[in-house]
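Q: Have a look at the structure that comes next, please.
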Amino acid sequence: MSFKRWLNTSSVGGNIDIEERKALATKLVLGLMLSLDSDHVFETWDSKQVHLLESVDTYTPFVSLPSNASCSSYRKPISFSDTYSLESIDDVDDSEPSLQFVLLAKALLEIAEGDHLTSLEVDKDSSTVSWDAWNRFRDGIEGYIRAVTCGPEVDRELLPFLDAALGCLDFHIEYGSRLIEDQSSQKMEVAWQVVFDTILFKIDDNLTLKGIIAPSKPIPAQDPTPNPPPVSGHELAQQALFTDGTLQEVALTRQLSFPSIEPSQPNIQLFDTKLAMGSSTAEEFWERLETFHKSYKDFVAHRSAKSGDETPRRIRIAVIDTGVDFNHAGIADAKGDGRIKEEWCHSWVGADVRDEDNELHGTNCAYLLHKSAPEADIYIAKVFNQNAVRSYEAQNIPKAIEHAVNKWDVDIISMSFGLTQSASRHDGDDAGEHSALEKHHSIVDEIEAAIRKAPPRLIFAAASNSGRNEPRSFPASDNRYVFCVHASTGNGQDGGINPELGNSFNFMTLGMGLDLLERETFAKNGRAMSRYKKAVKSGTSFATPIAAGIAATVLYLAARVDEIDERVEEKLKRPEGMEKMLRLMSTPKGDVRGQMYYMAPWHHWTPGWERDEKRRRWVWDTVNLQFD
């Protein structure tokens, strides 16, 4: 079967899906990397000459391939050390593009397009590529990306291949830059890391670079953590391990079990769940988020230094929840940074906003918010006393929203809870059931009224933790005015606790396997004492402040980066404007295209973007083009 035909039709007549294309692209990248600096010969391939084996049966007992005698081949060992022998930072600018990586970029484009690209040709008789050819490739890809992302119909399935192709073209620049910065003698290790960050991760962000192991220290390709009890539907990342020069792909299926939540009041829930295991992919998410925060620092500082204008105020976020405990280490750090203050707290239950935050639900949410948006100011609205929410406390929610809007003038509101209609009673008390239903509708109406008066402010709310057993809870179900947040693992897998998807933009971000704190009670000298204890928790409750924090960072950049147009800042403050940015930072997930998206800023601000002028320009121009 020819390459072009394979891309466009399967053996049963259907289209080859996106996951199969990603798998093919990944194999090509790995094949190239395994050929670098080895005794193997890498033969540059042409998509017109590639053939894939079809299934054989009684009628086709063998597969015949045309002779390659007439095909020109480029058979030359790739000497990685000779090609990239850099000694100073000046050598980075002088290094020429690699033929193999330029041809790999073309291959990725052909996989995305499903056709042979005759308009993009390079001379295969040289080990390098002319700058004219390189610029022609790059300009073509960047133009295509602009067309794909800014057109009336966004085809986001093509973007992973386009971004990976750019990573191929920039390999010689990124590799040289990192080699000089790190002063590393382990050239292949640096090369693998660059290829993973700028190419492989772009193709499939479920891949994880477990480690590049030197031949002298082989490590078995197995995960040391025990498997928890099996529950279908919760899969963690596919891992790639490099052992003794050989790549082994290990598909690890982790099964997570989630205890059921039984609040005393079934119609109001705080969506968090304690996990039974400690290991997760959350740490990888935090490392990438920290890298993202570092990447834009120079642009913000540069504007502050040059501009004579008054520095815009920091973004303000209100957390409506169970209050905050200032003794929590993460909250103490935020207070020390001036990002949270006691005078920015207000309670509608009890005299002190910090009273009785026993489960630390609101505290953990505020901590995650500060971790996601370190430059934002955090305001605390306490409307519940504890996780066992009392129904009358829901009346505090609209008051807190109005306070956040009118008194604090916040930019974003984060609500990690949800209201659902009370279950039907079976005790024959029809009057009591009718009264409870009227009370529920009255509270919902008051909250809806407060939400509709909130713009221009962004509101994020938790979806719920009931899986497919329940619909979205309110106010996350209020689609036009509220961003409904679903929970994912640290590498973008569905957490398995999300409700049925709605008709609006469905996105998820980290909410599974988070290292948080809880309070435990113990006896000392006959008195009940409490202390902090580490706990691994999951829930859309925790995905919500992380999503709100990422949105706050977008607003922060829009207010302080000169390259972003002023009109963009105002449009981002409205839900329809921020949705465009969330889409720009998202990649589609799941079997049904366009249903669920995994949102993380590095899908737009790709690793290393700040070190390349063209990539920097593309990052800011793409944001501006969203609002033309």
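Each Cβ is built from the backbone N, Cα and C atoms, and glycine gets one as well.
According to TrEMBL, the protein carries these features:
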| type | residues | note |
| --- | --- | --- |
| DOMAIN | 15-208 | domain 'DUF7580' |
| DOMAIN | 315-555 | domain 'Peptidase S8/S53' |
| ACT_SITE | Asp321 | active site, charge relay system |
| ACT_SITE | His361 | active site, charge relay system |
| ACT_SITE | Ser541 | active site, charge relay system |
Q: Return only the integer: C-alpha distance in Å from Ser541 (active site, charge relay system) to His361 (active site, charge relay system).
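A: Just about 9 Å between their Cα atoms.
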Q: Pop the mean pLDDT for the domain 'DUF7580' (15-208) in here, whole number is fine.
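A: Mean pLDDT, the domain 'DUF7580' (15-208): 69.
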Q: Report, in whole Å, the straight Cα-to-Cα distance of His361 (active site, charge relay system) from Asp321 (active site, charge relay system).
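A: With distance taken Cα to Cα, His361 (active site, charge relay system) is 7 Å from Asp321 (active site, charge relay system).
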Q: Using DSSP reduced to three states, classify His361 (active site, charge relay system) as helix, strand or coil.
A: helix
Q: Tally every other Cβ atom lying within 10 Å of the Cβ atom of His361 (active site, charge relay system).
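A: Around the Cβ of His361 (active site, charge relay system), 27 other Cβ atoms lie within 10 Å.
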Q: How many neighbouring Cβ atoms, not counting its own, are there within 10 Å of the Cβ of Asp321 (active site, charge relay system)?
A: 27
Q: 10 Å Cβ neighbour count around Ser541 (active site, charge relay system)?
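A: Around Ser541 (active site, charge relay system), other Cβ atoms within 10 Å: 34.
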Q: Which of the three DSSP-derived classes (helix, strand, coil) applies to Ser541 (active site, charge relay system)?
A: helix
